[in-house]
There are 2 protein chains.
Amino acid sequence: MADLSREELDGIYAFAVNLGKEAGRMLMDAAQLRFGDERPKEKEHVEKENAVDLVTQTDEDVEAFIKDQITKKYPLHKFIGEETYSKGASRDYLIGNEPTWCVDPLDGTVNYIHLFPMFCVSIGFIVNGKATIGVVYAPFLNQLFSACSGRGAWLNETQQLPLVRNPIPPMPAKAPAGCVFSCEWGKDRKDRPDSNLHRKVESFVNMAAEIGGRNGRGGMVHGMRCLGSATLDLAYTAMGSFDIWWEGGCWEWDVAAGIAILSEAGGLVTTANPPENEATAPVEEVKLGSRLYLAIRPAGPSPTETGREGQERTVREVWRRVRNLDYSRPGA
Amino acid sequence: MADLSREELDGIYAFAVNLGKEAGRMLMDAAQLRFGDERPKEKEHVEKENAVDLVTQTDEDVEAFIKDQITKKYPLHKFIGEETYSKGASRDYLIGNEPTWCVDPLDGTVNYIHLFPMFCVSIGFIVNGKATIGVVYAPFLNQLFSACSGRGAWLNETQQLPLVRNPIPPMPAKAPAGCVFSCEWGKDRKDRPDSNLHRKVESFVNMAAEIGGRNGRGGMVHGMRCLGSATLDLAYTAMGSFDIWWEGGCWEWDVAAGIAILSEAGGLVTTANPPENEATAPVEEVKLGSRLYLAIRPAGPSPTETGREGQERTVREVWRRVRNLDYSRPGA
């Protein structure tokens, strides 16, 4: 398929934003069925069901809605959704050069089950392997993040990202000190020597500990945050709220929309796993299906370096403090 | 001073809610000075200041505003504010039986500096040593939490807390499994053997690890969350979003309003540090100035136990997995 024209892409973007709003409202409507006590008869049956089953059903319903809308409007586009994919046998990376929608109907599922507001719908559109459009809507927070390559990244369609942009601040001179570091414990909790859990914890402690601690690896980050949503981690990195996000184990639908938004805002996304020669190896662009992600917020120049140089310096300072995580992927 | 009448208390509550809204708007107005790029001249000077200085100034301004409003309306009430207290030499616990306002003008300061939305104003009112009124307003999230003893706990004045209340779910049978666990890394990052940092991390890993792991201490919680605001941790526990919050090192202004809200919603707050005989020791009510907090969400009965029994069972399961933290307090 030939490249999309500017006009086609803008049309797809407008469609995606509306789709995100509608899907987010579906999520919130289903959540609100569980609130309050005004309609005891109806609610009683809802609350007697297992909240997890209810959420699984919502997840499937919202994905079916999104897929149906996309298929009607763009029958030639490919569709990859979290629910559909997870039911299949293959764990291969399936995104090629053709225009592809990559969708998580509900990111932050645990949050949604517990009604913690950090959940969202995540709609990514990928062209030639590149995350080109991203729409993330967190309805409980009333926060809509959107971006299209060449059109800027936005909060609620009115505030351009990053929020502080006159000028965009440089990365802190002593990063990761001065940085907010976002990370996730995830679901992989095996207590074996050198398991991913222990590699993560060792990395977290290095980032947190005082300067001079941990045999020189102490990063003394300004704050450690865990939200339970990879998509929102990326969206808040695009906002400039988080300086660094480091994670392994999630999938392309968890990050496609967020990477589109962060990239358009001026952020950098590369691999979580430190390469050999971490101090000098090139900082390569992330592979969407790699399951290993390190994201740095948009950064402006300082008197001594460009924004990109500051971001790459921060990447290397993170790599110096984190362990390789053991996630892999056929085809990525 | 004699006890306050219901009417007096309701008047103080209405005043506190309005005060919280006004103070929250001040925080958001100051934050928005840093957004966008529409007014380059004005903003240039703002952005050239250190963001930290700007925030410190806002913190002080908002506390002065709140103190001024309270002093005008209730000249006989005592006032304790984070900014004022921190400048004094004493670290004693100063709250007695007299009606006392306990205020943090800005909780989640690191979040505010970085413009991550999890910041708020926190206004507590204490009578006879008990947190009786709480108002927490997070303006970027547009979330106002409020409660007054005997009047229920509310989100945005319309949705009663906890959100799911028909019925209020019991604590999970295998808690902490099935629970969302909220915790904070905090500022105390010393890398010494058995420092608070390492005690916290050991506790976090116990709560996170698979069942059977960690020599039987693995808690396999459903999710680990870190927001960077003790006040909002408590507010989300009152909502039912978090099942457990465990923390040491914060101060009474960080928790007074949140404890009032959580208590009124039906939650339980006790000490973070496991007592001797953790399996049988009484679960005592938290001391507001103790700097050691363990909070459990509101819980309904199951077929085999009351809500309170489920909460106490969860407290003991947490105590079994966490280390004592080394924070103390004269007078508390």
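Any Cβ shown, glycine's included, is placed from N, Cα and C.
Predicted automatically and left uncurated, TrEMBL annotations should be read as such.
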TrEMBL annotation, Mg(2+) site containing A:Glu82, A:Asp104, A:Leu106, A:Asp107 - matching residue among A:Asp254, A:Asp326: A:Asp254
Candidates A:Glu82, A:Asp104, A:Asp254: member of the binding-site residues with the richest Cβ shell (10 Å): A:Asp104
DSSP-derived structure type at A:Asp104 (Mg(2+) binding site), helix or strand or else coil: strand
Long-range Cβ environment of A:Asp107 (Mg(2+) binding site), under 8 Å and at least 6 residues apart: A:Phe119, A:Cys120, A:Val121, A:Ser122, A:Ser229, A:Ala230, A:Thr231, A:Leu232, A:Trp253, A:Asp254
Output field, Mg(2+) shell: CB within 8 Å of site CB centroid, site A:Glu82, A:Asp104, A:Leu106, A:Asp107, A:Asp254 dropped: A:Val103, A:Pro105, A:Gly108, A:Thr109, A:Val121, A:Ser122, A:Thr231, A:Trp253
Coarse DSSP state, helix versus strand versus coil, of A:Glu82 (Mg(2+) binding site): helix
